[in-house]
Amino acid sequence: MAKLIDGKAIAKALRASVTEQATRLSEAGVVPGLAVILVGDDPASEIYVRNKERAASKAGVNAQTIRYDAETAEETLLAKIAELNADTSVDAILVQSPVPGHIDEHKIQEAISPAKDVDGFHPENIGRLYANREGYYPIANTPRGIMTMLAHEGVKLAGKNVVIIGRSILVGRPMFALAQAADATVSLLHRYTPDNLRHELLQQADVVIVATGVAGLVTGADLKAGATVIDVGINRMADGSLVGDVDFASAEPVAGLITPVPGGVGPMTIATLLQTTAELAALHHGVTLEAGWQTI
Ligand SMILES: Nc1nc2c(c(=O)[nH]1)N[C@@H](CN(C=O)c1ccc(C(=O)N[C@@H](CCC(=O)O)C(=O)O)cc1)CN2
Ligand SMILES: [Mg+2]
C-alpha cells in the first residue's frame, strides 16, 4: 500500500514558517499585503477566497478581498488592478479563477504588475520560469506547492520520468517547467493525447501529476509499481463527496506515495500563496528573509 502524502500537515508546517517570516517582517515595520479580486458568485471560489482570508489573517498577512458581481465590466477590473499596482501597502495581487466569460483572463493577467503577480501568471514571470532564469520571481502556487511536497517527502526529480496530465496555466504548464528545471524528463499530456499513449507513458512514469478535472481518469492499472502520484483534481460528486482525477482505490495498492483528495495538494496552494506573498513583501521592502521553507 502506498504511503499517503499528508498535504494538510505539510501546509500547516509551511504556514507556521510563513507566520515566523511575517513576524520578522513586522519587526522591520512591514506587513505583507495581499489583495484578492473575486468576480461573480461561484460557490467553490467563495470558499477558497474565504479560506485565503482566514489563513492570511492567522499568518500575519493583511488580506483584503474585493468583490464584484458577475456582470462587472472588464474596464472596472483593470482600473482596480491599476489602483492596486500603485498602492504600496499591497505586495501581492490575484484575481480568483475562473472569471465570467465576458472577461479576457489574459488581459487581466497582463494588467497585474509582474512584481505583485503572486499567482505567477504574468507572461513575464512565466517566461522567466520557462527560460529557467535565476533570481526571484513568483511561480504559480499549486505547482510550487507540489515541489515543496515532493521535497518534503524526499522525492528527487533529477533523472526521473515525470508525466503531467493537463496543460493549464494554473498547474500543468508551470509544473512542466519546474520539473524540467529539476532535471526530470517530462511529458505534458492533454485532452488530445490518445488513451493508449497516455497508458503507455504512465506505465513508465516515476512521478505522475494529474490536473484535468476528469474524475478517476488515472487508475491503478495505468501506474508503474511504486510511482509517486500527485492528484490535483477536485471533483464534487452528486452525493456531495470530493474525488480526485486519480481512482484512489485502485491506485493506492500500486503507488509508492500518493496524495489524497481532499487533504493533498489543495491545502498546499493556499499555504504557498502566503509564502509567496511574504517573499514579495520582503523583496518590495528590502528585507532579507532567512531561507525558511524555500525549496525552489
Ligand atoms: N487565481 C487563482 N485562481 C485559482 C487558483 C489559484 O491558485 N489562483 N487555484 C484554484 C482554487 N484554489 C485557490 O485559489 C484552491 C483550490 C482548492 C483548495 C483546497 O484546499 N481544497 C481542499 C478541498 C476544499 C473543498 O472542500 O472544496 C482540498 O483539496 O483538500 C485551496 C485553494 C482555482 N482558482
Ligand atoms: Mg507593504
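The backbone N, Cα and C atoms fix where each Cβ goes, and this holds for glycine too.
Remember, TrEMBL labels are computer predictions, not curated facts.
Model, not experiment: these values are computed from the prediction.
Over in TrEMBL, the protein carries these features:
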type: DOMAIN; residues: 5-119; note: domain 'Tetrahydrofolate dehydrogenase/cyclohydrolase catalytic'
type: DOMAIN; residues: 141-282; note: domain 'Tetrahydrofolate dehydrogenase/cyclohydrolase NAD(P)-binding'
type: BINDING; residues: Gly166, Arg167, Ser168, Ile234; note: NADP(+) binding site
Applying a 10 Å Cβ distance cut-off over all chains shown, what neighbour count does Ile234 (NADP(+) binding site) have?
19
Can you check how the pLDDT averages out over the domain 'Tetrahydrofolate dehydrogenase/cyclohydrolase NAD(P)-binding' (141-282)?
98
I need the least crowded one of these binding-site residues (Gly166, Arg167), counting other C-beta atoms within 10 angstroms of each C-beta.
Arg167
Cβ packing number for Ser168 (NADP(+) binding site), 10 Å threshold:
17
Contacting binding-site residues, sequence order - Gly166, Arg167, Ser168, Ile234 vs ligand 1, Cβ under 6 Å:
Ile234
